[in-house]
Amino acid sequence: MTELEPPTLQDTMRNPTPASSGGMVASSHLWGYLADTRGRRKVLIATLLLDFLCAIAGSFAHTFWLFVVFRFLNGFFICGPSAVVYVYLGEFHTAEHRTKAIMWACIFISIGIISLP
């Protein structure tokens, strides 16, 4: 297979990235609701801990499908801190600097995603 050939279904199934994205889509509204009703700090700590545990468990997965399940859970839990951190950032800045602070955070996250392999 060359880079110019379209990927087959088997090639597509080997990529666990859609599972992680699916977890993010499945949980985005849940974490926003829980952060507003239960507390942002609780959601931030719980989801970071659960995401860490799923990442560690996924590194020891002995089958591909178990790895995909852990990647889905990783995406499911990482969406919580992603939602809460921007709200915290906005709360800790004055109205004058709030927009710039959130914009710079988004820029640096984008640079990190682009520069990592």
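Cβ coordinates come from backbone N, Cα and C, glycine included.
Remember, TrEMBL labels are computer predictions, not curated facts.
The region 'Disordered' annotation in TrEMBL covers 1-23.
Model confidence over the domain 'Major facilitator superfamily (MFS) profile' (1-117) is summarised by a mean pLDDT of 87. If you look up TrEMBL, you'll see 1-117 marked as domain 'Major facilitator superfamily (MFS) profile'.
The feature compositional bias 'Polar residues' is assigned by TrEMBL to 9-20.
Under the heading transmembrane segment, TrEMBL lists 43-62 (among others).
The annotation transmembrane segment is assigned in TrEMBL to 68-89 (among others).
For 101-116 (among others), the entry in TrEMBL reads transmembrane segment. Note on the transmembrane segment (101-116): residues 85-86, 89-90, 93 of its chain, located 6 or more positions outside it, place their CB under 8 angstroms from a CB of the stretch.
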